[in-house]
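Feature annotations, reproduced from TrEMBL:
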type: BINDING; residues: A:Thr62, A:Asp64, A:Asp77, A:Gln95; note: Mg(2+) binding site
type: SITE; residues: A:Lys79; note: site 'Transition state stabilizer'
Protein chains: 2
Amino acid sequence: MAYWQTRGLRGSTLEELINYTNEKYRDKGLGLIQKIPTPIKPIKIDQKSRHISLAYFEQKSTVDYIGVVQGISICFDAKETTKELLPLCNIHEHQMMFMEDFEKQGGIAFILVYFSKYNEYYYLPYTFIKDYWDKAKLGGRKSIPYKDMNPQYQIATKDGVYLHFLEQLQYYLSTLDE
Amino acid sequence: MAYWQTRGLRGSTLEELINYTNEKYRDKGLGLIQKIPTPIKPIKIDQKSRHISLAYFEQKSTVDYIGVVQGISICFDAKETTKELLPLCNIHEHQMMFMEDFEKQGGIAFILVYFSKYNEYYYLPYTFIKDYWDKAKLGGRKSIPYKDMNPQYQIATKDGVYLHFLEQLQYYLSTLDE
Ligand SMILES: [Mg+2]
Ligand SMILES: [Mg+2]
């Protein structure tokens, strides 16, 4: 029985669930995905304890995760919303630019969104997000509504993997072939 | 005339030179490479100033850089030595394991080493390093000597890019075809 079923992962943050998932993927040889830590600049370090007594947050990083999955470069950001929609202001311009450039290099970019109200997780392809983003710039709605979620992109717990998003990645890749 | 020629990049750290290089690559559409910051866990944050007054270094990260270059996943670590050799103890076991797993996923892993005594930079393919690593485990020498550097892997300043390591990546890929 999997760890979260016996111990319960209910109290875990989205980031922790993704980290568990990535560890599983690494163990199973399915992919190697690295968390990009928030950039913090340490200023004063206590030499004995190695504690940091002064530090600054540096300019916001790009996306939360970058990795390689069976020859495919992927990057994604994790987002969480309590509402019936994902506000586009949760996605930063520089993140959009990073995902754009990442895809131009032949990688696959996406957002993993958690709708906590429904306790559901979805894989949002970059091109899907960009559509809303571009329309918002032209005066359209400033969010992606829950009702627009495609059931084929819902992420499930499967094969001992808590957020088995590689299934949705695979589905996304299959749509490109069409 | 390039920035470092007019302003001088002599005082720059290896990390800064690589960051400049990666910015150039991004601007030119040649690649998108992300610095992985050192993971630091903030404990106390002053709400007004957003300064961090207590933080810890978390377990050491994996490698310094991950990215995608024209469809190829790459990861690398930057190392610097003042000696006539690169001590293998500068490369951590978990970094070797990460590079190993990265290559298993179809990515390319390497180390960018700076021999400050000679003011020379080299691209060391993962398989090249692993050779020394494995021999050291069996009682062999505990370092990679400067004299073993292959001139074809020397990184030069070229086309307005300070450390144009994509040339050595390309050369490395060509050796795989043989
Ligand atoms: Mg996020
Ligand atoms: Mg390093």
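Glycine is treated like the rest: Cβ placed from N, Cα and C.
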(message) For the recorded positions A:Thr62, A:Lys79, A:Gln95, return the ones with C-beta distance to chain B below 8 angstroms, or 'none'.
(response) A:Thr62
(request) List the other residues in this chain whose Cβ sits within 8 Å of the Cβ centroid of the Mg(2+) site residues A:Thr62, A:Asp64, A:Asp77, A:Gln95, in sequence order. (result) A:Ile36, A:Ser61, A:Val63, A:Tyr65, A:Cys75, A:Phe76, A:His92, A:Phe98, A:Met99
(message) Distance check, please: Cα of A:Thr62 (Mg(2+) binding site) against Cα of A:Lys79 (site 'Transition state stabilizer'), rounded to an integer number of angstrom.
(response) 13
(message) Quick check for the class: what is the C-alpha distance, in angstrom and rounded, between A:Lys79 (site 'Transition state stabilizer') and A:Asp64 (Mg(2+) binding site)?
(response) 10
(message) Which secondary structure state does DSSP assign to A:Gln95 (Mg(2+) binding site), in the simple three-class scheme?
(response) helix
(message) In the three-state scheme derived from DSSP, which category covers A:Asp77 (Mg(2+) binding site)?
(response) strand
(request) Under 6 Å from ligand 1 by C-beta, which of these binding-site residues make it: A:Thr62, A:Asp64, A:Asp77, A:Gln95? Sequence order, please. (result) A:Asp64, A:Asp77
